[in-house]
Amino acid sequence: MAAKNAARAIDALRRGWPVHVGKGTGMTLVAIETGSAAELFSEGKVKGILLSAARAATLKLANQFAAADTQLPVLIAAPSDLDATLALAIADPSLDLRYPYKGPFAALPLEHAEAAVAAMELAREAGLLPAFLLVDTAAEATLVPDELSAFQDAGALRIAARARLPVSAAEDAELVAYRSTADAADHVALVVGQRDGSPPVVRLHSECLTGDVLGSLKCDCGPQLHEALHQIADAQWGVLLYLRQEGRGIGLVNKLRAYALQDQGFDTVDANIRLGFAVDARDFSVAAQMLRLLSIDEVRLLTNNPEKVAGLEGEGIKVAERLPLKIASNPHNAHYLATKRDRTGHKL
Ligand SMILES: Nc1nc2c(ncn2[C@@H]2O[C@H](COP(=O)(O)OP(=O)(O)OP(=O)(O)O)[C@@H](O)[C@H]2O)c(=O)[nH]1
Ligand SMILES: [Zn+2]
């Protein structure tokens, strides 16, 4: 039941439908980017706007009521001239240069802090900006905050299908597809070669449509993917996990917003924070489960990211060795790579 309510709430938010979040009393919210219907404004149904702490800080609102906890979301009163355009400009930091003059805004006391925090997490799960209209309308779905973690844990992962898949880097390969209730996207593992008794060379690759498919020069994902496949093929036994964690877990649309912020001078870390997300919203426990379903409990891990090593070890997969994955930089990604080294501890 709990997982169903969370799934319904995520679906409703993506469709622009109101969701009630809270135990008993709480807040009825619509996501600004999908649910800013004109009638809500014209009929006076919008009572306020709920923003992430980071967004509120940018709008100079953070501490009016949340002095004790600057990480808490902030509720503001609906400005008298609020319409869909202004709501989106308030919600989306990547539009700040286009709509520089907003406010002043008045913060309201946040009565339902737990519900507000759950709403932020719901937005991330839905791939939406963490910014909501507080509305006075009937809700299409109801979520009690605790139900969200039940939903996120409910991902009993299983292998759904597997088949031989010769690829250009390795002819002797098999693609294994997984399903879980918690993820709409199906993760896959490319298993290369045959078990030889040693720990396999493993790469955890997070989806990057722009880099993997389009050859984006803004990141190192595409070259890393190909280099990893070649190193695994050279080792003759290994696994590439292709994890559907686009944009370090914030989704493609929000990653493009982060790119728009980077074009305004924010680095990859600050762009995520300004959008109201964690610097890295990924959870590597799913990777550990995927390996375990392949009967692998020890790996040689291709990564520069200490969080991946810690994430797997924390889930009981032994990392016998960390193998660096060095890629030459280009003028478009040099700053991104330097930020990963200097701010997120990547060993480059
Ligand atoms: N939010 C956000 N995500 C990005 C950005 N650039 C790349 N990504 C995503 O970052 C992820 C790439 O991470 P990985 O290749 O797994 O690597 P990593 O965590 O840097 O660690 P390595 O194993 O050392 O490569 C992909 O999901 C990309 O879509 C960005 O500027 N912002
Ligand atoms: Zn990338």
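Note: Cβ is positioned from N, Cα and C throughout, glycine not excepted.
Binding of GTP is attributed by TrEMBL to Arg203, Leu204, His205, Ser206, Glu207, Glu246, Gly247, Arg248, Thr268, Thr303, Lys308, and the same site annotation extends, among Gln152, Gln224, Gln289, to Gln224. Cys208, Cys219 are the binding-site residues among Glu207, Cys208, Cys219 whose C-beta comes within less than 6 Å of an atom of ligand 2, given in sequence order.
Proximity to Cys208 (Zn(2+) binding site), defined by a C-alpha to C-alpha distance within 10 angstroms, is shown by the following recorded positions from Glu246, Arg248, Asp280, Arg282, Thr303: Glu246, Arg248. Taken in sequence order, the recorded positions Arg203, Cys208, Cys221, Arg248, Asp280, Arg282 that lie near ligand 1, meaning a CB under 6 Å from one of its atoms, are Cys208, Cys221, Arg248.
A Cα-Cα distance of 12 Å separates Cys221 (Zn(2+) binding site) from Arg203 (GTP binding site). Every protein chain shown contributes to the tally, and the Cβ of Asp280 (active site, proton acceptor) ends up with 19 other Cβ atoms within 10 Å.
Under the DSSP three-state reduction, Glu246 (GTP binding site) is assigned to helix.
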